[in-house]
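As recorded in TrEMBL:
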type	residues	note
ACT_SITE	E493	active site, proton donor
BINDING	W362, D363, K603, Q604	substrate binding site
DOMAIN	14-270	domain 'Glycoside hydrolase family 65 N-terminal'
DOMAIN	327-691	domain 'Glycoside hydrolase family 65 central catalytic'
DOMAIN	701-760	domain 'Glycoside hydrolase family 65 C-terminal'
Amino acid sequence: MKNYITHDEWSIVEDGFHAANNEITESLMSLGNGRMGQRGNFEEQYTGKTLLGNYVAGVYFPDKTRVGWWKNGYPNYFAKVLNACNWTGIDIKIGEETLDLNTCQVEDFRRVLNMQEGTLERTTTVQLASGKRLKIYSKRFCNMVDDESGAIQYSVTPLDFTDTFTITPYLDGNISNRDSNYDETFWNEIHKETSFSEGYLVLETKGNPYGVEQFQVATGMAFDLKINSLKTDYQSLPARREKYVAGVVHIEVKEGDELTIFKYAVNLSSTNYEKDQLIPEAKTYIKRISEKGFTQLYAEHVKAWADKWEKNDITIEGDIAAQQGIRFNIFHLNQTYTGEDERLNIGPKGFTGEKYGGSTYWDTEAYCIPFYLSTADEKVARNLLVYRHRHLEKAIENAEKLGFSGGAALYPMVTMNGEECHNEWEITFEEIHRNGAIAFAIYDYVRYTGDETYLSEYGLEVLIGISRFWKQRITWSAEKNQFVMLGVTGPNEYENNVNNNWYTNYIACWTLRYTLEVISKLWGSERLNEIIFQTHFNLNGEMADWKNIVDNIHFPYDPERQVYLQQQGFLDKEILTVNDIADHRPINQKWSWDRILRSCFIKQADVLQGLYLFEDEFSVEEIKRNFEFYEPMTVHESSLSPCVHSILAAKIGLKEKAYEMYVRTSRLDLDDYNNDTEDGLHITSMAGTWMSVVKGFAGQRVKDGVLTLNPYIPEQWNSYSFRIGFRGALLRVQVTQEGVAVENISDHDVTILIKGEPLLVAANSTERK
Ligand code: BGC
């Protein structure tokens, strides 16, 4: 764990330069606006530890799968989220000396991610090797309004000298991915041009044999200089190299004067524009934003952030670390996915790093959908579901590649376009519980919104595809006289190729039950007949098969401890707790894979994931027993783990544990719990953090169409509040040590249940309990 970030309610603050942690800080201070994003890199050259990262939503490269031992069924490629053109760069030379914080003495330093306004600011004073002292101030943002653009204000003030500065704002496409095989690069230059204070670069992703489109991204910039906030005359000489354009300005700056560079940039991608229109569109865009100027752009951007916070801020009084943690999570979720483009999804690293590739995991359905259901327009969650419907054909093809047939659908573990692009056999072929999460999300959406039209319009087709897959993947064991599922990896990826993973069996069985239920709901409708026809559904045969599995599937159980077994044979392991291995964590960095696999240690909720999703099918005592058996063995080395444990602990009354897990989930990246923040942030689990307050401490659920709350407040807090939308009503819930206040800030009356008792909250009024 690291503890160098100053606790603050609205900001992430690095006081004093922590060069050794720079890549962690860069991840934490990433900026984004749903369309593009970047790590918190310095604008000027930096030769120290850094991961330069700029990303454009939806742009990736299908990188050939390279493995030592090819297994039939592997996907041909891995979709790499591409590190794209660096648009923030501004090189600074003072006389002959290059400004580089790695080679000068840093006298004071403060880097701040202002989450309220969505900006990254830095103030620093340095002494160059020559002894000259210089003050630097920079502020930048990825514009939330003009969301294909960003702007930078960058100032230098010579404190004790006068000299000629060389200022070089540039665009640089000589970028490689850190995770690329053999240091390959993925961009070709298509076009470049420069004029006095503008530059444009069009890059295209390299060709590929998989039929994946080659994306083009046009990056444009314009810049302007001022001295002491006043216009100044300067000459700018264009500079061009391969995949690089710049303007070079030589300008004398007197001691005590402040030279400011304003840099405006756009990133337009061929996913949104015709390729031949990229340059003219980029020029128009640049003209528009540079004419508005930094101050106006900034004001509009701050207003957009204020609107976002208005909708989904969570306040926590009495615990600054907890308050900072939750805002950090909400901030990054908002930066990653706005819900405006239904082609996009929520990548586990968002715009903060490259690891993981792809953009869509089961994380979206199991973790993010509940967040969007409560905090965004209904259509956002719906779009996320439709995204999977659009990939149904690919999921069927994916299953066919593995030998399934008859319309069975296996959704990919990782994807950009519906095709599987993950290539570790134990995950690609075996971590099939993901299919269940996609089915569950349909149920979750309908349960929350009451929008049953989704089922007939899209949902049932997906459910049939997934159910058909389960039917074929589950086999009959004559020995057990039951159905079994062999060779799987459950959510706990620290076990591979196990038989009868309880969670996978459960979610498969649940999917079959739910699909049967949806069919009976639509019974007799024209749409059902249409779906039966389109999917060649054998109504009686397939339904009877599914029912048979539901009634006769095996669930491993230990009658002595009365707990579900994570998988068959789990109790053959030596049962230890994480306290027995305190110095060995994180085990994924300290132990061999072989040792991990043989141990009882659990990466993330597995049986508990099932008890969390299907809580109504189990008693509280049962959940508690399983929690107390499994949690002590859980190392929480997936970011997706602590939030689920926090919610369950809150439900079963383990308040201290719920709080501990809340702190862990909300500050996972801020405090670098798993020693991996430098790779980028864990964006999808951030929705889980939100859930641990709203579903955990406040006990929010929807039962039989009614919103229910069962709130309590951790003793460390004085109060907390959050907003949720529910079927047209917008509620602000505040929980204090004294009780609960529910304010209805909408024109819809709503009756909710608080601790089991009905409460009518009329439009525009507040009720207390
Ligand atoms: C977790 C998976 C998750 C993936 C992306 C892995 O470490 O084990 O459950 O889908 O990260 O977040």
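Cβ atoms are placed via backbone N, Cα and C, with glycine included.
With DSSP states grouped into helix (H, G, I), strand (E, B) and coil, the domain 'Glycoside hydrolase family 65 C-terminal' (701-760) comes out at 0 helix, 37 strand, 23 coil. Cα of W362 (substrate binding site) to Cα of E493 (active site, proton donor): a span of 14 Å. The DSSP secondary structure for K603 (substrate binding site) is coil. For the recorded positions shown (D363, E493), fewest C-beta neighbours within 10 angstroms: E493. A Cβ within 8 Å of the Cβ centre of W362, D363, K603, Q604, the residues given for substrate, is found for these other residues of the same chain: Y361, A366, P491, E493, S638, L640, S641. For Q604 (substrate binding site), applying a Cβ distance below 8 Å and a minimum sequence separation of six or more within one chain yields P491, N492, E493, T634, H636, E637, S638, L640, S641, V644. Its own atom aside, the Cβ of W362 (substrate binding site) has 23 Cβ atoms within 10 angstroms in the protein chains shown. Confidence in the domain 'Glycoside hydrolase family 65 central catalytic' (327-691), given as mean pLDDT, stands at 97.
The record assigns W362, D363, K603, Q604 to the substrate binding site, and the maximum Cα to Cα distance across that set is 16 Å.
The secondary structure of W362 (substrate binding site), as reduced to three states from DSSP, is coil rather than helix or strand.
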